[in-house]
Amino acid sequence: MASTVELSNSPETEGQQDHDSSIDYLVHRKVYNYAKFTADEGEAIKKNRSLRREITSGLKDTCVPEKPTLQRLIPFIGLLQSGQYKTDDFVSDLIAGATMCVFHIPQGLAYSLLAGLKPITGLYTSLIPVLIFAVFGRSRHLSIGTYAVLSLILLDMIEEHRGAYLQRMQDNNITGASFGFNYTDTDYARLQIAMVGSFSASLIMMFIGLFRLGFFMTYISDSMLKGFTTAAGVHVMMSQVPLVFGVEVPRTTSRFKIIGTLINLFKVIHKTNFVTLGLSAASCIILYLVREFVNPRVKKKIRVPLPIELLIIIGTLLVSYFAKLNSDFNVSIVGEVPRGLPALLVPDMGFLPTVFASSIPVGIVGGIVSMSLAKLYCLQFQYSYDYNEDFAILGASSLVSSFFQCFFPCTALARNAVVVSVGMKSQMASIVSCGLMLLVLLLVGPLFHSVPTCALGSIIIVSLIGVIKQVTELPQIWRISRIDFSVWLVAALSVLILDVTLGLAIGLGFTLFSVILRTQSARIAVLGRIGVTDIYRDVREYPAAEELPGLKIVRFDAPLNFANAERLRDFVMQLVDDCARPADSDDQAGKSSRVHTILLDCSSWVYADMVGIRTVKEAYALLLSRNYRVLFAACKDSVRLLFFQEDFLKDADVSLFYLTVHDAVLFASRVAPNNQAETVSEVQEVKDTMAIEMTNRPDSANNDAGVALI
């Protein structure tokens, strides 16, 4: 390409070339359309591969793994061999691992109870899947275990199918004690449903990971996730209110879960156990004060927060044991907690088809929350990460664990934030946590027998305050994006008014709809030129941008597809109709300002579909029939390929496509639009350079800083 480039600095800013505003530039080259550019520089239009080749290549990239090595199988070994893991990192992981275990104990007990299961099940879930994921997982900073929102979804699944599974047990003469477990029939039914549902959710996660379908995470917006978790936090909090008051509230059958729960609560509120209520109030106050006021000061000195949740459990355990709260005051306690590791218990695969649909939200929420946080930390600590692999590993760890009385694991936002803040460096922190949890199960498990359930409920309620505080971000979201605000509101309200599972489906659906809405309601701008530069901006936003006589430059700020192509066509045709109306001026002025060329700035068309291209063809034909010249500028190669494949170039010449908007403007200003056919032939003769514009602008190079690219 024959061109020259000149750069100069203003004398007063010599030596300060880092300031772009002090640099002038002048490019001297031909005005290029794609016909001339291709003739000079060459271009090979890529043909689409056959469907068979696309499928074969896709399956090979997706399903054929890289050659397995020990470093890939166990990432921590690769971290050691690379020399990135130091002795100081191990010390940090020891502290983080101990902190993690301190959080796992109260959360495991509380969130398992929230799911309607025995508290010991939460401790199992804080050990086995955590250990598997720590060994094989790719994320160095992910702490999986139990999570309040996921426990609530599990509870919905368990209660939905509990009656059916109890009937199945009766039909098959199975009892809670049939396999040597000290369970009631109801407890055994709940455990089996949780295990089968977790097994099913694990299969979904493994499928997503193995076939690299994790791209769907890009459609889960931050606004949707925050709206969902905020409203789900309210549901979780409401589910703990009966524990705090010491009453048994019948489970509501209403679609409006919160309203139904409140109605049932007020029916039994007169039965409140005031000892339980007083213990709950004291626990909540202490937890809140320490979390909000004491721990921020403690962390400034020793990095590790005060383990107030564990201290509350120990304190209420001692009070409950010595004051005989269960026997004398009817305060509900955890009950028997067996010592040792969980025994093998095979999930009832015959019940898998029944529970499969209900397990989908379990896998989706668990996978999305975990992988979103893993992605956040890999960006923060700057290491490569493939969440498709961790989807599969999370599924595999849950699948194996479902044979050992565990439910689906997930990261907890608060727990993960704390362990990272105290210095978690790698998966070693989770391994340390598992070692300590093993000691807890082997040695001190039965000591949790007298822990009041109201203390666990208080821990859950206070831990959710931070989640519900996300509502304070709404004003900022409103200022940034009205659509994101709508997504947050729809996700939150649908969960609040209805229930968690249905609200999740509505939130996901509205998020996808918002993507369509953004595309369909994309902005259309009429561009003007800034001074004598090659810069073109929206005339509504930049007062300095002036429209050029006889020319309308239109930019459509979105990909061109079936949902929005007609909007672009209608806008252009309306623009032409407005320009065709008689102007309030003399005849000579009207002739000089008459629009003769429509220039479409295609720079925002990152892709186009068949309907979009055909709609542009229709608009082109309509404009041609009304004696308007149509030019295209800055069209992506992939989009030009679609024009070629749709036979657009049978009706129009490739010479109508220009490299830049400025190239097209110079041509349109220089070549009179006698008719479109003449335009096509004249394009081939255009050899204009910077001199075309500068002949009528004496001394222009000295008058304007930032001379145009011509």
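Every residue gets a Cβ built from N, Cα and C, even glycine.
Look at TrEMBL and you will find 1-14 tagged as compositional bias 'Polar residues'.
As annotated by TrEMBL, domain 'STAS' applies to 541-668.
Annotation source TrEMBL lists region 'Disordered' at 1-20.
Annotation source TrEMBL lists transmembrane segment at 109-136 (among others).
The transmembrane segment feature in TrEMBL is assigned to 199-220 (among others).
TrEMBL lists 272-290 (among others) with the feature transmembrane segment.
Look at TrEMBL and you will find 302-323 (among others) tagged as transmembrane segment.
The feature transmembrane segment is assigned by TrEMBL to 355-379 (among others). Panel annotation: around the transmembrane segment (355-379), residues 138-142, 144, 147, 149-150, 153-154, 156-157, 160-161, 193, 196-198, 200-202, 204-205, 208, 214, 217, 220, 225, 229, 385, 387, 390-391, 394-395, 398, 408-411, 413, 416, 420, 500-501, 504-505 of the same chain, lying at least six beyond its termini, place a Cβ under 8 Å from a Cβ of the stretch.
Sequence annotations record features per position, and here TrEMBL assigns transmembrane segment to 391-414 (among others).
Feature annotation from TrEMBL assigns transmembrane segment to 426-444 (among others). Residues 75-76, 79, 85, 89-90, 92-94, 96-98, 100-101, 104-105, 123-124, 126-127, 130-131, 133-135, 137, 139-140, 143-144, 339-341, 419 of the same chain sit 6 or more residues outside the transmembrane segment (426-444) yet have a Cβ under 8 Å from a Cβ within it.
Marked as transmembrane segment by TrEMBL: 488-517 (among others).
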Same chain, outside the transmembrane segment (109-136) by at least 6, Cβ under 8 Å from its Cβ: which residues?
73-76, 142-148, 151-152, 154-155, 158-159, 183, 187, 190-191, 194, 236, 239-240, 313, 334, 337-338, 342, 393-394, 396-398, 400-401, 404-407, 409, 427-428, 430-431, 433-434, 437-438, 440-441, 445, 448, 451, 453, 456-457, 459-460
Below 8 angstroms Cβ to Cβ, which residues of this chain, lying six or more residues outside the transmembrane segment (391-414), approach it?
103, 107, 112, 115, 117, 121, 124-125, 128-130, 132-133, 136-138, 142-148, 150, 154, 191, 194-199, 201-210, 214, 229, 341-347, 362-363, 365-367, 369-371, 373-374, 463, 466-467
